[in-house]
C-alpha cells in the first residue's frame, strides 16, 4: 500500500463547471464523486441546488447527495466525518475519490483540518435565530460589528449563514469566531494526498451561466420543488429554506412577487453568491491549480495533470 492515497478536490463558484469536470475525471480515473456542496446534501432540492441528474449519477458512483432531510442542519464537522468515510470506502474499492463542491469551508476542513470550536448549545442557537428573524441579516451583521468588528468586516452583510454562525459562537463562548479559527485546528487526515483544482471562469461568462441556469431550473420544475418544500411547514431559518432561489420562489407562491421579479431577484442573488465564492477561493485556498474550465486547452491540461498525478501516487 502506498504511503499516501490520492484525493481530488474541486472547488469554485456556483455554475462554474465543477460538477461536469468531476464527472469527467471520475469517469477517466475510475473515481467516486463525493459531494462538498452544503445545499446538495439536502433531499428534495435536486433542481434548485443543481444536483447531478439521475442519469449523471448512474455513470459513476455519487456519494453524499440528498442524504439530509431539509428539516435538519449540517455542520462542517459532521460533513467531514461523512466525507472521510466515503473517501476510505472509495480507496478500499480501488477508486479515486473526487470531492467536488462550492462550500469552501468543507473543502478546507477536509484538507487542512477543522478549527476546534465549542458546540453551540441549542438554547443559544434558538435565541440567535429568533433575533435574526426579528432583525434580518444586515441588522444582525451591524450588531456583530459592534462586538466583533474584525470578524464582521470579513463577512458580507447579506451572508445569512456566516453572520448567524459568527453571532451564535460569540454568544455561546464569549469569544469571536476568529479567535477559535486561529486557536488551532484538528490535524488533517493522515495518509492522504490532496490535489486541489479551483474553477475560475471569467466573471461575465459566469454571471451569464448563473442567469441561464436559473431559467433552466424553472423549466425543470423548480417552482414545484419549492411548493413541496413549503408544504413541510419548516422553520424559515433552516439552511435548506435559504438555498438559492428558495426564498424568492416562496415569495412568489405567497403572492408577494410576480414570477418575473422573483426570477430576477434569484438570478441577482446567485450572481452575488458566485462573486463571493470567487473571492473566497482566491484568498482562502492557496495550494490549488486554478483554471478556466471553459477553455478547452486549459481543461485538457488539467485532465492530464490529474491523470498523471493520480497515476504517480495510486
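From the backbone N, Cα and C atoms, a Cβ is placed for every residue, glycine too.
Ranges compared are 25-28, 29-32, 33-36, 37-40, and Swiss-Prot records region 'Interaction with substrate tRNA' for 37-40.
You'll find the Cα of residue 15 (ATP binding site) roughly 13 Å from the Cα of residue 103 (site 'Interaction with substrate tRNA').
Note: the CA-CA distance between residue 18 (ATP binding site) and residue 125 (site 'Interaction with substrate tRNA') rounds to 33 Å.
For the binding-site residues given as 12, 13, 17, the lowest number of other CB atoms within 10 Å of the residue's CB is seen at 17. When the neighbouring Cβ atoms lying within 10 Å are counted for each of the recorded positions (18, 125), the highest count belongs to 18.
Residue 16 (ATP binding site) has a Cβ environment of 27 other Cβ atoms inside 10 Å. Ranked by Cα separation from residue 103 (site 'Interaction with substrate tRNA'), the binding-site residues 13, 16, 17 are led by 13.
Geometry remark: residue 17 (ATP binding site) versus residue 125 (site 'Interaction with substrate tRNA'), CA distance 35 Å.
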